[in-house]
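Undergrad: Below is one structure. I have some questions about it.
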Amino acid sequence: MAFTIAIDGPAAAGKGTISKAVAQHFGFAHLDTGLLYRAVGRRMLDGIPALDAARALMAQDLDADDLRTPDVAQAASKVAVMPQVRAELIDFQRAFARRAGGAVLDGRDIGTVICPEAEAKLFVTASAEVRAQRRFDELCAAGVKTDYDRVLADVRERDARDMGRADAPLRPAADAVRIDTSGLDIAAAVAQAITAVTLAQGKG
Ligand code: CDP
Ligand code: CDP
């Protein structure tokens, strides 16, 4: 039976971490939809027109290990403004969402555009400062030289672009449960998410 969990929110709010744990808990498949935009953004940096890249996207492109860099994140948010690029990526996401056995999708517009009928919706947030600190720590751990102010500026720039675009802007669905992870460790954030999904299952 299909059961879709939509998890949206801004960069480094904890969506991916929560999504993986929730998917594992319920035995559902997980799709990080940011990887679709990152894969297209990556191609754009190589000079390939974004729409061509979106049309030619294959599932294995999401496994590339150079998709996590700050440059690719910015490129992703630039191609994500283009309505035709977004349109190209809809069918794949909707098919994944309605697969038998349940699915967790995380991104920016899952609960509002991709799957407004999702059985459970979460909107995961945290302050920009906390999110920038998390990304900064990740970059340091990966051996990337950067500074906190630069990461914070990057996070703010991407937030503004994601919230300000006309097509599928980042915003909570009216029926989403909000989880602010600013003061939560991963275990506490995951526990809140599992509780919210369990409650939604009970309503279904
Ligand atoms: O997917 P998204 O960009 O929203 O965030 P993430 O990749 O799940 O989390 C970003 C970083 O914050 C990771 O290094 C997580 O381990 C960390 N994190 C945290 O410190 N506390 C939380 N409650 C959630 C995530
Ligand atoms: O991991 P992080 O939260 O930093 O970013 P991501 O989820 O990998 O998304 C990268 C960019 O793709 C975002 O800044 C958005 O512009 C775009 N995106 C989107 O527009 N819609 C989605 N469903 C997922 C990502």
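Each residue, glycine too, has its Cβ placed from N, Cα and C.
Please treat TrEMBL annotations as automatic predictions, because they have not gone through curation.
Note that the structure is predicted; figures quoted are calculated from it, not measured.
Per TrEMBL, the features are:
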| type | residues | note |
| --- | --- | --- |
| DOMAIN | 5-197 | domain 'Cytidylate kinase' |
| BINDING | G9, P10, A11, A12, A13, G14, K15, G16, T17 | ATP binding site |
Undergrad: What are the other residues, in sequence order, whose C-beta lies within 8 angstroms of the center of the C-beta atoms of G9, P10, A11, A12, A13, G14, K15, G16, T17 at the ATP site?
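TA: Sorted by sequence, the hits are I18, D106, V124, A126, R131, T181.
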Undergrad: Around A11 (ATP binding site), how many other CB atoms lie within 10 A of its CB?
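TA: Looking across every protein chain shown, the total is 23.
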Undergrad: DSSP on K15 (ATP binding site), three-state: which is it?
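TA: K15 (ATP binding site) sits in a helix per DSSP.
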Undergrad: Kindly point out which of the binding-site residues G9, A11, A13, T17 have a C-beta less than 6 Å from some atom of ligand 2.
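TA: With ligand 2 as the reference and 6 Å as the Cβ limit, the list reads A11.
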Undergrad: Using a Cβ cut-off under 8 Å and a sequence separation of 6 or more, which residues in the same chain sit near A13 (ATP binding site)?
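TA: Once residues fewer than 6 apart are set aside, A13 (ATP binding site) is near V124, T125, A126, R131, T181.
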Undergrad: Give the sequence-ordered list of residues that share a chain with G9 (ATP binding site), lie 6 or more positions from it, and have CB atoms under 8 Å from its CB.
TA: K15, D106, R108, L122, F123, V124, T125, L170
Undergrad: Would you report the average pLDDT that the model assigns to the domain 'Cytidylate kinase' (5-197)?
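TA: PLDDT averaged over the stretch: 97.
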Undergrad: Output, ordered by sequence, the same-chain residues six or more apart from T17 (ATP binding site) with a CB under 8 Å from its CB, or 'none'.
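TA: Set apart from T17 (ATP binding site) by at least 6 residues yet with Cβ under 8 Å, we have I186, A189, V190.
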